[in-house]
Amino acid sequence: MLIVLASLLYGAGPVSAAQAFSALTGDGTSDATFVVTELRLPRTLIAMTTGLALGLAGALLQSMTRNPLAEPGLLGVSAGSGFAVALAILLGATTTTLTTLVAQAGALAGCALVIATTRVQGLGNDPVRLILAGATMTGLLLALTSMMMLMDQRAADEIRFWITGSVAGKPLAILKATLPSIVLALTLIVLVARPLAAMALGEKAALGLGHHPGRIRFLITITVALLVGSATALAGPLIFVGLVVPFIARAFSGPDIRKTLWLCVPVGPAVVLGADVISRLVAAPAEMPLGVVTALIGAPVLLTIVRSGRMPSL
Amino acid sequence: MPDSRNLLVNAILSVLALFLVVLSLSTGTVQVSLPDTLKALSGNADPMTLFVVNELRLSRVMAGLLSGAALAIAGCLMQTLARNRLATPGIIGIDNAATAFAVASVVGAGLSVAPSAMALAGAAAATAIAFGLAGANGTRGYRFIVAGVGIGAIAGAVTQVMLSRVAIDAANAAYPWTVGSLNARSEHSVTILGLGLAIGCLALIATSRALNTLQFSDAVAIALGTRLKATRILGLGLSVMLTGLAVSVCGPVGLIALLAPEFARMLCRPGKMPLMAAALTGAAFMVIADLIGRTLFAPLEIPVGIITAIVGSPYLLWILLRPSPRSLT
Amino acid sequence: MNYHSSLFVTALRSTLAALLFTTTTSALADTRKVESAYGPVDISGQPGRVVTLYEGALDATLAVQGNAVGAVITRGGSDVADYIQSRAGDIAIVGAPAETNIEAVIAAQPDVILAAPRINEQQYQLLSRIAPVVVSDVPLFEPDSWKRETRLFAKALGREAAAEQVIDDIEARISEVAALVEARIPKSQRDATLVRWMPQGPLVMAEGLFSASILQAVGFRVEDNDLVKAGRPHSEPLSLENLSSMNQNWVFLATLNEDGEKALQAARNSPAFARLEAVEKDQVIAVSGQLWTSASGPLAVLAILDDIESAVSATKP
């Protein structure tokens, strides 16, 4: 709540916190009211949705792969989504005609890597290889994106914007377009939460309780693709959010995946909003790309997780 | 003990590298025939050919050879020290950190220190931090690598921040270099890299026996009379130095440090660190990748780092995802 | 230039001529010194083949009827800028603004190379081995920069008279458009901002920019509201929240990609933009970013004047 308020009150523009506050309570100047309701409010909502989607996606992936480092950004799911968007731009789609569908298809393709790794025997127990495979995938997709940018300089500006990640200036229409997928994903999460918790006890235990691990994995993969695709359509590929959010949530909830998922609901939006507020303030009157801020916040968390030595315990 | 297989491999690789050098010297927007290229190298050609071959292309190809060799040796050393063939400077974030520091000196955010020195400092800092975070395990184990991935991400973000704070033209000019390119190299950095490589090779030859024992278990290495700690520090130091110097020339060209030693190990007799073969392979990779980047969309260039990423990543993925991989160590 | 290298250049040029089976102009008699950023350069006659490494140099060369055979791509494009395309014809591309492909320059077989001040010493030395290189020493971002640059490049090409003619013609055209502005727009409403609309938002262009100086020459007051900091003479990205600070009567909106009208539509859809005074008055003029925020030179002046004229003509007197 506090961060939501901060997000509405602080920005790179000349509208001060006090002015913004009076705008919120209904008697601000027209400029302040405009900035707050038309610029900061949509941005705040978009950042919150992005955080929610990425946080949940991260928690699901980590639980499914039993790897606390599994994160849409690190595993290449976000990169797959970003690459698809870049390709669409190159093929002539302008950002306004761009639908979330492209991003979600890309995320699904990115999930292919995750599916492949969970299928490969023994790899689920080797977090490092999973992360490296994701990093390699991301590197490959970024290189291909760079190639496209070199081939078509006109598209380069737009693509460059997409691959750094930002929530500024996006119309609420994008949010509306992603809403159905997010609702669908949330429903799926409610359905798989219990079996997933059972799977945490081991596949045999899950089978014994009458669940089908294969089917659950399939559902989770779809859910993650929906969530990450929506998030990328909203804000571009943001790295580390899916790592940080479940990490914080788990600190409060303990190992139970159901509690963790619940806690991700407030924590995810808070983290991305916080990062967005920082991105507005540090470089005023311009803004720093949100993706850069999340990387700067997330990498130390990654290091902390590695340092804590609790890693293989999930 | 002379080893005929390794000698043969090195000889073939040398010939291959030489051939690629000549091919690279003759190919470009201005096409020079192979015989003319050789003549130009010996100083017998018309002034324009001399200019194109001996001045424009030779310095670029030399930069490619040296940086490719340096990256490959650095990768080979790091892999041996970590006993993990995925532990290469690029993956551990040393490349990114060196780039961040070098960009800082290019955009003038720091003191007026030369990019080479800054890249070295960045490489050393990243390694030190990764070490610190890895704790008691040192370079062994996954912590070192994951810590490196994190450091690399931070360094990458910092580079982006710096580039977003300078004027657009400067940022655009720095862009090819941040993905790895031989176009923007400074002759000064190439000279320093050459010196560093020469010193590194001498040190490697002098300590090759001790270094080779590192791939056995600690007990065996000690039994063979190796001073473990000193040797490790030397190997790591050389690896960091070569990476930093190479990055100051060509930027963070990914995956050569991983692929070249890998390739060399396949060719050479197992049991010894194939430093020589790795260096030759790395140099050849770099030269051919740059040649492709230079000619594919001529007159515009594709930075060499993009070529190595596109060619190398699928192979790395294959290593990582193989159902029953050979042991990673 | 010392004895040795001029010998070299002569040798090189004869080689090139032999390769081409064409005769280059050989008015060796009147060798003149052209002052440039890296010291004086000796040039004789009217050089035949001209390679330009800078958009302003291409523009100036074509304006004085020089024979441009090589050019760099415009920023954000894959060819020379649209406004100059028809005059440049099928010209060889020798690189991007920040990255010259020296081999492509050699392949274009130039008699003279014209470059921008941003070229560095090392590159200058290499290029000088191919042909005499004239690097502009005219400071950028001053109102008459384009005139001084045109005169410099024209001198290098031995076409000073043509340059004076072109400059006089443009002066006349400027007065013509200025008179139109005077007649149509009240003095108090002649304030304008120049903005480049990027996918991520607006980029305010500096007051001293080439196209801004032309707006000023015809009577507009161009303001960047001190948003563009000292030492960054080109442009400054702007948060959408700060858009209101550029609330001028006229907004010239430049885009590099898409066509202008579409970008204008996209901008109008942005709520922050729709609130601007200029939008309400329908005085937002979509212009080509290649021409308005990247180009310079006499032909660019004429093209920009055309844009201004048609925008002002549309208003009621």
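In case you wondered, yes, glycine gets a Cβ from its N, Cα and C as well.
Automated prediction, rather than curation, is the source of TrEMBL annotations.
The transmembrane segment feature in TrEMBL is assigned to B:7-26 (among others).
The transmembrane segment annotation in TrEMBL covers B:58-78 (among others). Distant neighbours of the transmembrane segment (B:58-78): 17, 21, 24-25, 41, 87-90, 92, 139, 182-183, 185, 187, 190, 193-194, 196-197, 200, 204, 211, 235-236, 238-240, 242-243, 245-246, 249-250, 253, 256-258, 260-261, 264, 273-275, 278-287, 290, 304; these residues of the same chain sit at least 6 beyond its ends, with a Cβ under 8 Å from one of its Cβ atoms.
Summarising the annotation, TrEMBL assigns transmembrane segment to B:90-111 (among others).
According to TrEMBL, the feature transmembrane segment maps to B:117-137 (among others).
Annotated transmembrane segment per TrEMBL: B:144-168 (among others), in sequence order.
The transmembrane segment feature in TrEMBL is assigned to B:188-212 (among others). For the transmembrane segment (B:188-212), the list of distant contacts is 59, 62-63, 66-67, 69-70, 73, 77, 80, 114-116, 226-227, 231, 234-235, 238, 241-242, 245-246, 248-249, 272-273, 275: same-chain residues at least six beyond its ends, Cβ to Cβ under 8 Å.
Residues or ranges marked as transmembrane segment by TrEMBL: B:233-261 (among others). With a cut-off of 8 Å between Cβ atoms, the residues of this chain six or more beyond the transmembrane segment (B:233-261) that come close are 63-64, 66-68, 70-81, 85-86, 88-91, 94-96, 98-99, 102, 115-116, 118-124, 127, 139, 176-182, 184-186, 189-190, 192-193, 196-197, 200, 203-204, 207, 211, 214, 274, 278-279, 281-282, 285-286, 289, 303-305, 308-309, 311-313, 315-316.
The transmembrane segment annotation in TrEMBL covers B:273-293 (among others).
For B:300-321 (among others), the entry in TrEMBL reads transmembrane segment.
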- Message: Between the transmembrane segment (B:273-293) and the transmembrane segment (B:7-26), are there three or more CB pairs that fall under 8 A, provided the residues in each pair are separated by 6 or more in sequence?
- Response: yes
- Under an 8 Å Cβ to Cβ limit, what residues of the same chain, 6 or more beyond the ends of the transmembrane segment (B:300-321), are close to it? 64, 85-86, 176-177, 179-183, 250-256, 258-259, 262, 285-286, 289-290, 292-294
